[in-house]
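Down below is the structure, laid out as structure tokens.
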Amino acid sequence: MKIVTYNVNGLRPRISQFGSLRKLLDAFDADIICFQETKLSRQELRADLVQAEGYETFFSCTRTSDKGRTGYSGVATFCHVKSAFSSDEVALPVSAEEGFTGVLSSGFGSRKSEDSSPADGLEDFTTDELLKIDGEGRCIITDHKHFVLFNVYGPRAECDDKERIQFKLKFFSILQKRWESLLTQGRRVLVVGDLNIAPSAIDCCDAAPDFEKNEFRTWFRSLLVRNGGHFFDVFREKHPERREAYTCWPTNSGAEEFNFGTRIDHILSAGPCLHIGENPGHSFVNCHVKECDILTQFKRWKPGSTPRHKDMKGRNGKLEGSDHVPVYMSLVEIPNIQQHNTPSLSTRYCPQVYGCQQTLVSIFARRQAAEGISVSERSSSISDDIIVEKCGQLIKRPLSACSLSSTDLIHQGASCTPDGCSEGSYKESSSELPCSEISRTKSSSPVASKKKARQSQLSQLSLKSFFQKTVGVSGDSTSFSSTDKELTKANISTLYCESNGTIKEGGEHDAAKKWPSEQGTSVRENDTSQPSEKEKNNVALAEWQRIQQLMQTSIPLCKGHK
């Protein structure tokens, strides 16, 4: 199997550079890929940034906003597997942990109890201290049964920043205790990532005479087996004398062109080999590590080629790509393990990821419903405008401009004559009014107007309930809900409230069509003198289509659906 570590210097620009997350991951042709400095917060985890087909993903994001460090660091481990369930692949971890102190949650949807203890070996530290260490999203631990893999992004500390120096010292001190605790349990430990430490003078292009006296470099070298520690620097074990083997360069473009860099991205290994029995001289590195090297083909600048400047005006233009390059290690003789499922820390269980996908599904469902309604509209020649003839006058206006509640007309048994309204006419504030004065009287009442405005506003905001009442337009064009039928009857009563009332729809209906009953006959909900059911349905369908078209034109679509 193959393990790769890479400081991407922002996951989003790397995905943009390669075209997609899947193409970025496939470029390494590896089983386990560890990214550092993803620069993603928990709220920014989206499917296109964290999920790729064939990969299980484990993220740790910064949880603090101190000194503007929101979305500042972050690590991610991608495991290339054939199946996330009932799998015997070593690449799929049996468990995963965010951070290394043990105080963070072990998976999405799970929480540590208040009385939970820190990880073994860290009992001397307070919970607040451990939360601060893990709060910057600098470590993901995945247990692959044969070994425990630490994906680490070490803190950076300038020589004059005492606060960050103390943080960095405590960070590595606690991390080392966690390593030692696992080693005493007989576990094998692999550490990969950008530790922000160049251990020796050979690992820096311009090392000063006192370069190796730095306390962090001294600490790093103390971990190595040759100095009495437990770890192997895998790259140096395979290439002990190689010079100018750098993994990071300053951000100015000339640094890579002249190889003015450092080696701060490492792979460390500790623990025995997988062979049964104690064999002197055997170790995980000697028995199972076939190769370890730097993938220089991922450099922003390549020998013999023109730098890919985004700004081509000069050498100081920014190059496309990370200021780091990946480091890989290939392993051999790693047997399969017992069948297991992906841990709960996998982003497939992250609410920010699958919640967004559910929202997209609902959006597409609504879009399809709207498209079906638009097809029905194109097949109908009914106009959006309805001409209502009242008391001998033709008034052309859209129904949306009318504030009259026609349902109330039905309930009050409203009927009108050319001279006014009958005794069963619409009543408001216990007064009988002619049809021509209804709208004027309603607008004159400020209280009623405010109530109508509130109701209208609430109905506009209830988009979910509106779409839930969508009629079925794919089959019978006259099929609609019972609620819409009541509204339709109310509209019909209003339209036919005059004895000479007419309905003109796109010029198709006769301008002199009358009610089947004679003038002065009261119009009531269950009256046999009502127009035919087919005519009612046509008018209702016209009104429903007008509402649908209004909703489609008034609600903006996102860029992807325009």
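Cβ coordinates come from backbone N, Cα and C, glycine included.
These numbers come from a predicted model, not from an experiment.
All protein chains shown were included, and the count of other CB atoms within 10 Å of the CB of Asp323 (Mg(2+) binding site) stands at 19. As annotated by TrEMBL, Mg(2+) binding site applies to Asn7, Glu37, Asp194, Asn196, Asp323, His324.
Annotation source TrEMBL lists active site at Tyr153. The Cβ neighbour count for Tyr153 (active site), using a 10 Å radius over every protein chain in view, is 25.
Positions annotated as site 'Transition state stabilizer' by TrEMBL: Asn196. The Cβ neighbour count for Asn196 (Mg(2+) binding site), using a 10 Å radius and every protein chain shown, is 19.
Take the CB of Asp265 (site 'Important for catalytic activity') and look out to 10 A: across all protein chains shown you find 24 other CB atoms. Annotation source TrEMBL lists site 'Important for catalytic activity' at Asp265.
The Cβ neighbour count for His324 (Mg(2+) binding site), using a 10 Å radius over every protein chain in view, is 24. Sequence annotations record features per position, and here TrEMBL assigns site 'Interaction with DNA substrate' to His324.
Look at TrEMBL and you will find 505-516 (among others) tagged as compositional bias 'Basic and acidic residues'.
Annotation source TrEMBL lists compositional bias 'Basic and acidic residues' at 524-537 (among others).
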Glu37 (Mg(2+) binding site), number of other Cβ atoms within 10 Å: 24
Between Asp265 (site 'Important for catalytic activity') and Asn7 (Mg(2+) binding site): CA-CA distance (Å): 8
Distance, Asp265 (site 'Important for catalytic activity') to Asp323 (Mg(2+) binding site) (CA atoms, angstrom): 12
Euclidean distance between Cα atoms of Asp265 (site 'Important for catalytic activity') and His324 (Mg(2+) binding site), Å: 8
All-chain count of other Cβ atoms within 10 Å of Asp194 (Mg(2+) binding site): 29
Additional residues around Mg(2+), ordered along the sequence, whose Cβ is within 8 Å of the centroid of Asn7, Glu37, Asp194, Asn196, Asp323, His324: Asn9, Gln36, Tyr153, Cys248, Ile264, Asp265, Ser322
Packing count at Asn7 (Mg(2+) binding site) (other Cβ atoms within 10 Å of its Cβ): 25
